[in-house]
Structure formats: structure tokens, C-alpha cells
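Engineer: Annotated GTP binding site per Swiss-Prot: 14-21, 91-95, 149-152, in sequence order, evidence recorded as sequence analysis. Swiss-Prot lists Ser21 with the feature Mg(2+) binding site, giving sequence analysis as the kind of evidence. Per Swiss-Prot, domain 'tr-type G' is recorded for 5-225. According to Swiss-Prot, the feature region 'G1' maps to 14-21. The region 'G2' annotation in Swiss-Prot covers 70-74 and is backed by similarity to another entry. Positions annotated as region 'G3' by Swiss-Prot, on the basis of similarity to another entry: 91-94. The feature region 'G4' is assigned by Swiss-Prot to 149-152, with similarity to another entry given as support.
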Amino acid sequence: MAKTKPILNVAFIGHVDAGKSTTVGRLLLDGGAIDPQLIVRLRKEAEEKGKAGFEFAYVMDGLKEERERGVTIDVAHKKFPTAKYEVTIVDCPGHRDFIKNMITGASQADAAVLVVNVDDAKSGIQPQTREHVFLIRTLGVRQLAVAVNKMDTVNFSEADYNELKKMIGDQLLKMIGFNPEQINFVPVASLHGDNVFKKSERNPWYKGPTIAEVIDGFQPPEKPTNLPLRLPIQDVYTITGVGTVPVGRVETGIIKPGDKVVFEPAGAIGEIKTVEMHHEQLPSAEPGDNIGFNVRGVGKKDIKRGDVLGHTTNPPTVATDFTAQIVVLQHPSVLTDGYTPVFHTHTAQIACTFAEIQKKLNPATGEVLEENPDFLKAGDAAIVKLIPTKPMVIESVKEIPQLGRFAIRDMGMTVAAGMAIQVTAKNK
């Protein structure tokens, strides 16, 4: 079998009107991942609906409802090859009510491309753009590039490009902790393909890489095989003749037959008999592998979705309480001590109570603005002490970042996102 190229997960982020889906569609077409005939058909469909220019976006906006609204809702995954990688695109939704998807999407990303409209230099940075960049930073994405889109609308003006580059650098990236000097800003016209996959003939002043070349310059993630084993359970099946088969994705560490393991917070202990992926038995599985495995000594009723598997020598941490850094994204009123929304962390969904709001922070710099504030509102960042209403596994981001991040949901929306910075473990 030929060695496949390494996979790189790249999130495309930015405001809903910046042309993200069109940029992605163009990458897929010029990268040979979609049939040009499909674009011809979608162009016709777009024109009939009075949405000319949406044909590339339709590739990612696979859901019918999305096509009609012209809005990306779910996290869509598509692949295309570059010289170096097999790139999986995570096209993150742009609208506020879909931030939950954004969080689950971004946490799978190794790098991100922020798509901005060159016209933003006139209108200012959209709040949504800020939120997206802040979120990927909070979720641990450290590699970023910026696509300055719709350059054809300003006749590929170098002055307009430089104005936007300075604004994004000074007013957004520096404040959030990215160094603009180390970030590629690529002038593109995605609808026409300029500098997306192929170099543009229309802006001779730009000598830098295309979006595809920038993606090739990203570093592949190092698999966290040296961290303790953590595998959040997604589902548990009973297979005749085999027994109990939990399934999930290895987040950290390595799992292999013969391992003595424990599921927390269930407390069930067993031994791994077999590990399978795509119906093939594996000698071991590592981070990123979606596997099913058979455990001796553990029944279907003993464990459930949201439990986390680890080795008995280094079990997952069950928190009695934890301290977290959070950012409030949206809330109709204010958050105070005693507030108990649902926390989504790995595969678990557990209500946690705000025991104490300890500090309010500047969301851009992290400096303390106020000690022991009475409340938090949308846009605030804070350090808070939280108490789970029932046992849950969460790890400190300093130790196992993959299990330290969470989204907070309430009233059908994502009200906040954050990470655990200190965890008080339940005594075994």
C-alpha cells in the first residue's frame, strides 16, 4: 500500500459574508477534489435562485436548508490534496447560533484560515470575526493564516490590502496573542480563483504564497502519544459472540490489547482484549484513531457515553470542583454565583454550578480587571470556580489539554467556552 500523505485538519473561520465557503469550494475545485461539472450545475441552480456567485459555497453548504438561506450550519468536512498534505477542511459556521458547532469543529483543527473581506478596512472588524479568532485561540489552535478576500472588488489595490492587514494585525491578532509578523496575509478573489490554489496574474505586487501553499507551510500536529491514555466513550454496543464493545476516539496516549484499564467516573475496571478500527484488528491505537474495543470484565450496563477510559496506573481525573478560564459569548442577562448550565466536555454533558466568580479579565490580554465581580455578561472573560452536579471527568489544560476544554450551553445556545486550569480530584 502506498504511504498516504499526512492529514492536516484546517478550520476556515470568519464572518458569514467574508466568502469562506467560496474560498473552500475553490480550493476543492482547483485541488481536484470535486468534479467541475458539479460547479456548472450548482452555478445554474444558484442563478435560478437569484444567488449568483454562490456556486462554490453550495459545495460546502450541503444541507438543503443552508442552500436556501445561504448560510453554513453544520460543520462540513471535505478533503483535498496539497503537495504535502491530505487536507481535511473544517468549514466552521459563521452565524452566532451555531457557535456550538464551531467549538466542536475548531477543537479538531490543527490550523485555521481566517477569511476576511478587504472592505472590512472601511467598516471595521466584525464582532463575529473577533469571536472566531478568540475561540480558536482558546481552543488551542496556534497556526493561523489570513485570506484577504474580494480583492477583485478593489481592483487588487495594494493600499487597501495593506490597510486591512494593519487593522487585523493591530486591532485583533496582537490583542489575542498572535504575532502578525509570523502570519501570512494572502490577497485572494475566491470566486475567480486568484491566489487560492493558483497564483494570480492580477496583482503583480504580491510575491507571497497562495492559500494552498500557506497550508503546506503549516506544521503537522504532534500526536500526544506520551501523555496518559484518555479515551472518551461515544457509545457502548453489545455484539453477539464478542461482548461489550465501547467505541470512541483516542485523545491521548496509546491503547493496546492486554492493557488494564478503568472507566471514570463509572469506576468499572477491565482488561483490553481486542482493538479494532474499520473492522480490522490493531496491535495498538493512538491519538486520532476512532476505535471499537472489547473489554474483559466490563458489561454494557457498567459504562456509558461520557465516561473516559484510562490505564489503572493513571486513571482519568474525576473532579469534585475545578477552576476555569471562560469567555461569555452570549447571554440575555447576566451570570452570577449559583448559575448551573450544562457543560459539554469531550463526550460528556453535565450541569455544573458557578460556585464563585473569582476574577474578571480583559478578554484580549488576560489581565485582571476586577476581583470577585458580582456578575458576568456577554463579552466578559473570567476565572471561575465550578462544581459539577454529578461526577465528571475533566483534566487541567496544562496536563492534558485535549480533555480540559468545554462549551457551556443554556437556553438552546452556547453561552460560554473555556478551559479548566486547576482540577480538584475526587479521592479514590
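Cβ atoms are placed via backbone N, Cα and C, with glycine included.
Bear in mind that the values here come from a model prediction, so they are computed numbers and not experimental data.
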Engineer: Tally the residues of the region 'G4' (149-152) by DSSP class, grouping H, G and I as helix, E and B as strand, and everything else as coil.
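Structural biologist: Tallying H, G and I as helix, E and B as strand, the rest coil: 2 helix, 1 strand, 1 coil.
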Engineer: Cα-Cα, whole number of Å: Met151 (GTP binding site) versus Ser21 (Mg(2+) binding site)?
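Structural biologist: So the alpha carbons of Met151 (GTP binding site) and Ser21 (Mg(2+) binding site) sit roughly 16 Å from each other.
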Engineer: Among all the protein chains here, how many other CB atoms are within 10 A of the CB of Ser21 (Mg(2+) binding site)?
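Structural biologist: Cβ-Cβ neighbours of Ser21 (Mg(2+) binding site) within 10 Å number 27.
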Engineer: Counting across all protein chains present, how many other Cβ atoms fall within 10 Å of the Cβ of Gly14 (GTP binding site)?
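Structural biologist: For Gly14 (GTP binding site), the 10 Å Cβ neighbour count is 26.
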